[in-house]
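J.: Grabbed the feature section from TrEMBL, which reads as follows:
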{"type": "TRANSMEM", "residues": "25-45", "note": "transmembrane segment"}
{"type": "DOMAIN", "residues": "41-287", "note": "domain 'G-protein coupled receptors family 1 profile'"}
{"type": "TRANSMEM", "residues": "93-120", "note": "transmembrane segment"}
{"type": "TRANSMEM", "residues": "141-162", "note": "transmembrane segment"}
{"type": "TRANSMEM", "residues": "204-225", "note": "transmembrane segment"}
{"type": "TRANSMEM", "residues": "237-260", "note": "transmembrane segment"}
{"type": "TRANSMEM", "residues": "272-290", "note": "transmembrane segment"}
Amino acid sequence: MDGDNQTVLSEFVLLGLSNSKNLQVLLFLIFLLLYLLIMSGNIIIQILITTDPHLHSPMYFLLANLSFVDMWLSSNTTPKMIIDFLSENKTISFAGCMSQVFLSHCIAGGEMVLLVVMAYDRYVAICKPLHYFTIMNLKRCTGLVLTSWTIGFIHGISYFLVVVQLPFCGPNKIDSFFCDMPLVIKLACMDSHDLNTLMNAECGVVAVTCFMLLLFSYTYILITVRQTSKDGASKALSTCTAHITVVMIFFLPCMFIYVWPLSITWLDKFLAVFYSVFTPLLNPAIYTLRNKEMKNAMKRFIGKFLCPKGNS
């Protein structure tokens, strides 16, 4: 390929979710509301965990970090999608597109590892309760969170360094609402089949490894829970059920987008929306609605800060 033809593209066109003007206005209102719920829900979780002494434990420290990651996961793509619903010029700069490629894999990789860390936390709490606070001390929890971010960064930068060097000189239309890595690779002026397969395989190694670790961890935990007292088993089962639900919601779309791509455009868009919008929205709902301690913390927060007279 001639070097002069490899730097022609300075921007990409995002085709989005729909071409209908009326539908785009409706989608704008829906996704704006969902994004505000995502941000407010996850911020509330972080505030509760930070301000309530009853929640100053390893599990909630990790949950606060998950909420922080979910905010970034959604903010990487959702604001641009919302703006584009009312925009005639649905373009994204080359730098912006490469940033989305990097951040989407960096954040997703970090969240996968963080979910494994949360499973390890539940394993220690249920299987080694007497040593829980010794093993899951603040130093170790902080180290595990930093490890998740480091692995996520390595995962994201490896994709970024490959994609940013590809020769883009022809088509620039991406049939999605963000710069999804497989769709960006298809626009390169080269035979991208082998590269796409390699990238999916690399993503598959990370996703499947984390998913298998989670599967084995929660299977072992549930077996252990059956052998404990009824009261302890009930509480542990409730917590683990919430964790398992979050794991399934996060991993299933990832699997079908990157590990076993179905190449069905409307389904790929649906999975991408579910992954980047509904996963960060459902996580805080699952953890607060199913968690008695979080609900009690919310009541204490409302009583202390919003209704101080009624609390006195």
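Keep in mind that glycine also has a Cβ here, set from the backbone N, Cα and C atoms.
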J.: The transmembrane segment (93-120) and the transmembrane segment (204-225): do they have three or more Cβ pairs under 8 Å, with pairs 6 or more apart in sequence?
T.: yes
J.: In the same chain, which residue numbers or ranges, 6 or more beyond the ends of the transmembrane segment (272-290), come under 8 angstroms Cβ to Cβ?
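T.: Apart from its flanks, the transmembrane segment (272-290) reaches 17, 31, 34-35, 37-38, 41-42, 44-45, 63, 66-67, 70-71, 73-74, 76-78, 104, 176-178, 180, 238, 241-242, 245-246, 249-250, 253-254, 257, 298.
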